[in-house]
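In what follows, a structure is listed as C-alpha cells, so that the remarks can point back to it.
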Amino acid sequence: LHCPGVGAALMPSIFSYQSAEVDWCESNFVRSAVIAEYYNTISNVSFFLLSPALLYLNRQYCQKKAVPLYFVSGLLILVGLFSMYFHMTLSYVGQLLDELSILWTLAVAYSFWYPQAYFPKCIKTRRHFFWLTGITTVISTLMSFVKPTLNAYALNCIAFHLLYLTWKELKKCNDKRVHRMAAVMVMWWALAITSWISDRWLCWLWQAINFPYFHSFWHVLIALSLLYCCPLVIYFDVSYEMPSFKPKLEYWPSDSWPVVVPYVTLEEPHKQC
Ligand SMILES: CCCCCCCC/C=C\CCCCCCCC(=O)N[C@@H](CO)[C@H](O)/C=C/CCCCCCCCCCCCC
Ligand SMILES: [Ca+2]
Ligand SMILES: [Zn+2]
C-alpha cells in the first residue's frame with residue numbers, strides 16, 4: 001500500500017502471456033494470435049458438459065442432498081474456466097488459478113463425501129473433519145506459491161488416495177454393477193494420467209512426429225473419469241449416510257447401449273404397515 005510503484009511493476013508480469021513456469025507440449029500461437037494453446041484451451045469444454053450432466057442424471061440424489069453436488073459441480077465449472085484462461089495465456093496467475101481451483105474442488109468433495117469410517121481417530125464428527133480439511137487446504141494453498149511446478153504432481157498423487165479408497169470400498173461391496181463402474185473409471189483415469197505424463201515428459205517425441213496434443217486428451221479423459229467417479233462416490237454416500245434409501249446404479253440412455261453414462265437412483269425399501 002505504501003509502495004504503489006512496486007505493485008504496479010509486479011502486476012503486468014504475473015498476468016502477462018507466457019509468464020507461467022510450465023509450457024505444455026502444444027506449440028504456442030499456431031492457430032490463433034490471442035490463444036496460446038488452442039486445443040488445450042478448447043478441450044476444457046468437457047468440464048462445462050460434465051457438471052450439468054452430473055446434476056441432471058443424479059437429480060434424485062440432488063433433491064435429497066443438494067448442497068454437495070451443486071457445490072462440486074459449480075467448482076468444476078470454475079476449474080474449466082481457470083484452465084481455459086491458463087492455456088489461453090500461459091500466465092503465472094493462470095497456472096495458480098488452475099491448480100488452486102482443483103485443490104479447493106478436491107477439498108470440498110472430501111469434506112462432504114469422505115466416509116466417516118475412514119476419519120482419523122481424533123476426528124469424531126463431520127464438522128471437525130470440515131475444519132481439518134479447511135486448515136489443511138489453507139496451508140497447502142500458501143505452500144503452492146513456493147514451487148508451482150510441483151503443485152500438479154502433488155494434486156495427481158491425490159488420485160492414488162482415491163484409488164485406495166475405491167479398492168477398500170469394493171472389498172465390502174458385492175454389487176457387480178459397482179465393480180464394473182469402478183473398473184471403467186480406473187480405465188479412463190489410467191488413460192488420462194498416461195496422456196498427462198507423456199505430454200510432460202515425452203514432448204520431444206510428440207513434436208518430432210508433429211502430434212503434441214496429449215494434454216488436451218488429458219482434459220477430456222479426466223472429465224470422463226470424473227463422470228464415473230462422482231456417481232460412485234454418491235453411491236457410497238447414500239449407502240453410508242442415507243440408510244432409508246437403497247442406491248441403484250443405472251446407465252443413461254440405457255444398459256444396452258455401447259456408450260453409456262452412469263448415474264445413481266434412490267430406491268425406498270418397502271415400508272411394512
Ligand atoms: C471422497 C472424495 C471424492 C472425490 C471426488 C472427486 C472430485 C474431483 C475434483 C477435481 C478434479 C478436477 C481435475 C481436473 C483438472 C483440469 C485442469 C488441468 O488439466 N490442469 C492441469 C494444467 O492445465 C494440471 O497440470 C493438472 C493437475 C493435476 C490434477 C489432478 C487432479 C486429480 C483428480 C482426481 C480425479 C479422480 C478420478 C478417478 C480416480 C481414480
Ligand atoms: Ca506450449
Ligand atoms: Zn490443462
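Cβ coordinates are placed from backbone N, Cα and C, and glycine is handled just like the others.
As written in TrEMBL, here are the features:
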BINDING   ASP23, TRP24, GLU26, ASN28, GLU37  Ca(2+) binding site
BINDING   HIS87, HIS215, HIS219  Zn(2+) binding site
TRANSMEM  38-57  transmembrane segment
TRANSMEM  69-88  transmembrane segment
TRANSMEM  100-117  transmembrane segment
TRANSMEM  129-146  transmembrane segment
TRANSMEM  152-167  transmembrane segment
TRANSMEM  179-197  transmembrane segment
TRANSMEM  217-238  transmembrane segment
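Known features from TrEMBL, placed on the structure.
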residue: ASP23; record: Ca(2+) binding site; Cβ within 10 Å: 13
residue: TRP24; record: Ca(2+) binding site; Cβ within 10 Å: 24
residue: GLU26; record: Ca(2+) binding site; Cβ within 10 Å: 24
residue: ASN28; record: Ca(2+) binding site; Cβ within 10 Å: 17
residue: GLU37; record: Ca(2+) binding site; Cβ within 10 Å: 27
residue: HIS87; record: Zn(2+) binding site; Cβ within 10 Å: 28
residue: HIS215; record: Zn(2+) binding site; Cβ within 10 Å: 22
residue: HIS219; record: Zn(2+) binding site; Cβ within 10 Å: 25
HIS219 (Zn(2+) binding site) versus binding-site residues ASP23, TRP24, ASN28 - nearest by Cα: TRP24
Remote residues contacting the transmembrane segment (179-197) - C-beta distance under 8 A, at least 6 residues beyond either end: 156, 159, 163, 166, 170, 173, 214-215, 217-218, 221-222, 224-225, 228-229, 231-232, 249, 262
Non-site residues, in chain order, whose CB comes within 8 A of the mean position of the CB atoms of ASP23, TRP24, GLU26, ASN28, GLU37 at Ca(2+): CYS25, SER27, ALA36, ASN40, HIS87, LEU90, PRO212, HIS215
Contact yes or no, the transmembrane segment (152-167) and the transmembrane segment (69-88), 3+ Cβ pairs under 8 Å, gap 6+: no
Minimum Cα separation from HIS87 (Zn(2+) binding site), reported as the residue among binding-site residues TRP24, GLU26, ASN28, GLU37 that achieves it: GLU37
Among 69-88, 100-117, 217-238, stretch most in contact with the transmembrane segment (38-57) (C-beta, under 8 angstroms): 69-88
Distance [Cα-Cα, Å, rounded] between ASP23 (Ca(2+) binding site) and HIS215 (Zn(2+) binding site): 11
The transmembrane segment (129-146) and the transmembrane segment (100-117) contact flag, 3+ Cβ pairs under 8 angstroms: yes
Alpha-carbon distance [HIS215 (Zn(2+) binding site); TRP24 (Ca(2+) binding site)] in Å: 7
Alpha-carbon spacing, ASN28 (Ca(2+) binding site) to HIS215 (Zn(2+) binding site), which is rounded to whole Å: 13
Same-chain residues at least 6 beyond the ends of the transmembrane segment (217-238) whose Cβ lies under 8 Å from its Cβ atoms: 40, 43-44, 46-47, 49-50, 53-54, 57-58, 61, 65, 68-69, 72, 76, 83, 109, 113, 115, 162, 166, 169, 178, 181-182, 184-186, 188-189, 191-193, 195-196, 199, 245-247, 249, 261-264, 266
